[in-house]
Amino acid sequence: MTGANSFSVSGYGPERARWTRLFARDSPARRLDWPMLLSALALSLIGSALVYSATRNRTELNQGDPYYFLVRHLLNTGIGFALMVGTIWLGHRALRNAVPVLYGISVLGVLLVLTPLGATINGSRNWIALGGGFSLQPSEFVKVTIILGMAMLLAARVDAGDSVYPDHRTILQALGLAAVPIVIVLLMPDLGTALVLVTIVLGVLLASGASNRWIFGLLAAGAAGCVAIWQLNILDEYQINRFAAFANPDLDPAGVGYNTNQARIAIGSGGLTGAGLFKGSQTTGQFVPEQQTDFIFTVAGEELGFVGAGLIIVLLGIIMWRACTIARETPELYGTIVAAGIVAWFAFQCFENIGMTLGIMPVTGLPLPFVSYGGSAMFAVWVAVGLLQSIKVQRPMSA
Amino acid sequence: MTNIPATGRTPRVQTRLVIIQILVLSLLCTLGGRLWYLQIREGAHYQKQASGNHVQQVVQPAVRGAILDARGVPLADNETRLVVSASRTELLKQKDDGKAVLTKLAGVLGMDVEEVMQKVRLCDSKTPQPCWNGSPYQPIPITDEATPKQALQIRERAEDFPGITAEPVAVRRYPGPGKSNAAQVLGYLSPVTDEEIQRAKDTDSPYLRSDMVGRSGLERQYDRELRGKAGVTRYEVDNLGRVIGKAKSDPAQPGSTLVTSLDARVQRIAEHELDKAMKAARTQWDRNTNRRYEADSGAVVVMEAKTGRVVAMASAPAYDPNVWVGGISAKDYRALTGKDSNYPLLNRAIQGQSAPGSTFKVVSTAAAVAAGYDFNGKYPCTSSYSVGGQVFNNFEGESFGSITLGRALEVSCDTVFYYLAHTEWKKDGGINPKKNPKDHFYRTAHQFGLGKRTGIDLPDEVTGRVPDRRWKEEYWEANKDAWCKTGKKDGSYVERIAYENCLEGNKMRAGDEINYSIGQGDTLVTPIQMAVIYGALSNGGTMYTPTIGKAIISPDGKRVTEIKPKSHGKLPISKATLKMMDEALEGVATRGTAAWKFAGWPQDKIPMHAKTGTAEVYGKQTTSWLTTYTEDYTVVMTISQAGTGSGASGEAVRNIYSALYGVQPDGTIDKKKALLPTPQKGLPKIKPDGSISAPKISADPAKELEEAAKQATQQPTQPGATPDTTPDGGQPPATTTTPPTGNRATRRRARRGGSRRMIA
């Protein structure tokens, strides 16, 4: 597959110079969703400032180099951006053919994590160390491949015009496809990612037009599953503690409740305009653990205040709003399902991540899209943006 | 973009996509709302928490200001000691609440394990001293007398002594220059309580947890000035307590220096003379009670007559003020406050009160003049005075014929005042008084400042009491139930008194006013009140508010705030009367009741004035009073249960004057030996660096003086000087040329009603 191939559907002759074509009326560049793209870029750049603020004094983490995390965050953003461009270039339809392979690789990845190759961080066996200080979090990519895989299965017959809605068999297949990595992720155990995946499944099913019985049945099954997990003591102690601390943050301010308390103090003390970048005492004093990753929003809250933290929420909102619009406006069910799956993913992850720093959600280890430090997560969300852009760009013209 | 493609756009999917979009929007709005709530609505609260989080305070205690005498000799200052403290919070973290550590510590310090345990327990209503009444979060001092070796042992084996620290700390010291003590005047310190911290929180001089607070005496009165301000450095710290920045630094401001009007030498002599007089009294036989005098407590005040400045103030029994330093032990505390302690913490010069006896007659004389009696009129000084079948005797039944008021003062004739008081009582309507009785004798007492505080710069001064009609009414209201219950018409003495009090205790009876006129009965005065009155008689009638503080000098010596003498009124007598009374009181010292103790005094050079008093206390031996003044000083001494004023205190008071003026045993004046021939003027010299120069002071001025006197008396310089022992004055007077006159035994007279107060 080549770029020329993927762009050929736009109807422009190959004789025109690529530059002119790129910005001509109705050109792919013109049809890119710029608000989404710029929002994602802005978030990544804000994120790099916040990551720098949170890590420049953490000598035990940055190996004496205050720019260690900043440089890496920018690098990750660059790689992510490139992945997005590549995704657009290839196009989501072209990628559709590669979905089985990608899905397989990603599932293999999460399986590898369970082997001695995996590394345990914060009680979760979630990583594959690549050596040289690099590591990979395959569960981030599973988020993408689950969406693509389910979309491929569910949309195949509908997009072919064979049926209006996916049939039960297809739905069962799709659920089976999702269940495999979800179970593996739960075994890690990475409850946060598992919840994201479940939410993605729900979003995908909703968008696929599966009957209400499936939706409510799945919700009921999910609830039953939660009760079962609780009753069977499948959760590790640290996970139970997180829920307990969520229910009552004053329970053990030195222990489990510490994170949430300090996070809330950091955000609350920001006020309207914040302490100023690099001037937050909570951040400088390193009172909030995991601040460059899961608790990055507290840096924004403290140093940028309501204005800055609110801006992050607004930018995330723009991305999701645009994604929703794309889902509604794309003609193929495949594109709709992919866009809706990404919306479900982003929405849940944003709400959970910001919500836990604000004390309205229990603490789980989920990064804030674009903003948190972390390569795999960054790559995954940029690929998602690439998919969304591709869906928008490759939409057939009305003409 | 408006077209709806045929495929994939079923209404069901479309609706669900809209639902998803709305759901996303509402989730984001939830986040925004919560963010607003935390940052805008609760922002201030979290800002406070954040600053509490990352700011650590390090407190440098301020060095407390010194208390100096008038010449700059330190009466209270600081010294560096090795203090071993225990942190309760650390101890309680240990398995056995730190018992093992404290036991080990007691071993190192050579202390009793139990004593150490007691020191770290917290005070409450059920826990007696010793206990800790400061904050439980503050290190509790266990000893301030650790040796460097002990401190080193603790510090080098820090892991064996978790929660224990050994650090040099500036602690208060009362050096007692020249063996002076002045414990009750100086007061003491103890750790600040939680309540005090709360109360002073929003004032401009808040307390710190580690502060010591003045609890009595000058330490309490001038606490704010002496305390200074602790330095606080606020460090920003990170989550592990590592310092990441210095937020604010207020250096410690040392306390100001208090210069007092006390003179350490005179103070020592006053204390020594009081002690000596009390010891001497205890060797004397009291014929009325058939036992030796108890002389259980006493006080002496030496005051500048023209300013009210206190040169010396002693109260017996005394105690060593250094027992408070570094926390008081249980034994010491019991010795100071227990039932058998006789309460040495009381400053009896301002907190001891008793009937004034005949020293009160200056008030009665003034009252008589105010009532219209001629000072130089003749009034019968009979041996007894009877009212309605009750006989009031003159002292020892003496009679002097018809005499003037002045002469009545000199010889302390009681019957003259009985007559005057009784006559006035009758004029006021007797037992059923007129509507607005004149009550000259009571009104005058109030005008002399009795019954209220003098306003001396010491805390907890007592008022004394003028037993006027209002007081009688109030007292009867408060006690009539008890009196009426126990009173019996034909019972014992106490029961009869109660019966009478029940019937008419609210009324001013003839006997009440008669007794009152010579300073007996329910009247109560303090030595400082008498000093103010006799000082005013000396200076022409101005009652000065007594002061001990003379100036407050800032630690750098640049700011000097003088405490100026203040008057709080004039004696209610004319200049002419004052002059005649002055003459009469001089007569007391030259030919009256005190003359036998002031024989050979250089009266022409230093005119001495005196009044003796012997106050009765029901169930106890008599209280002796001697009030004296010269041109510059007034000296008042009182000893409880010690007999007569002149007998018990004459010698001591004379010795104090001799020391002040340099009067030698032979009556000559040696200016070189005079300690303070005129009151100390000005303040001690402040050196350029802000420190205050102090003159050298001999090890014991009192001993020196005695030595000198002994040498002088060994060479008979005065013809006719014969050692004289008086019946009740076994202490050999320095010199006596005239035989003792009168006032040699205690008085007993018929007394009715009222309650009897002992010296507190």
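Placed from the backbone N, Cα and C atoms, the Cβ positions cover glycine too.
If you check TrEMBL, you get these features:
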TRANSMEM  A:34-55  transmembrane segment
TRANSMEM  A:67-89  transmembrane segment
TRANSMEM  A:101-121  transmembrane segment
TRANSMEM  A:141-158  transmembrane segment
TRANSMEM  A:178-207  transmembrane segment
TRANSMEM  A:214-232  transmembrane segment
TRANSMEM  A:304-321  transmembrane segment
TRANSMEM  A:333-354  transmembrane segment
TRANSMEM  A:366-388  transmembrane segment
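Long-range contacts of the transmembrane segment (A:366-388) within the same chain, counting only residues at least 6 positions beyond its ends with a Cβ under 8 Å from a Cβ of the stretch, are 33, 36-37, 40, 43-44, 46-47, 50-51, 55, 69, 72-73, 76-77, 79-81, 83-88, 92, 95, 134, 136-138, 140-141, 143-144, 148, 192-193, 196, 292-294, 296-297, 300, 312, 316, 319, 322-323, 326, 338-339, 342, 345-346, 349-350, 352-354. The transmembrane segment (A:34-55) makes contact with the transmembrane segment (A:304-321), as judged by at least three Cβ pairs under 8 Å among residues 6 or more apart in sequence.
Sequence-distant contacts of the transmembrane segment (A:333-354), counting only residues of its own chain at least 6 positions beyond either end whose CB sits under 8 Å from a CB of the stretch, comprise 92-93, 96, 143, 146-148, 150-152, 154-155, 158-159, 192, 195-196, 199-200, 202-204, 206-209, 294, 297, 313, 316, 319-320, 323-324, 326-327, 361, 364, 366-369, 372, 381, 384, 387-388, 391, 394-395. Nonlocal intrachain contacts for the transmembrane segment (A:101-121), taken as residues 6+ away from its ends with a CB within less than 8 angstroms of a stretch CB, comprise 95, 127-129, 135-136, 138-139, 141-142, 144-146, 148-149, 177, 180-181, 184-185, 187-188. Long-range neighbours of the transmembrane segment (A:178-207) within the same chain, counting only residues 6 or more positions beyond its ends whose Cβ lies under 8 Å from a Cβ of the stretch, are 106-107, 110-111, 113-114, 118, 124-126, 139-140, 142-143, 145-147, 149-151, 154, 171, 214-215, 218-219, 222, 234-236, 239, 327, 333, 336-337, 339-341, 343-345, 347-349, 352, 364-366.
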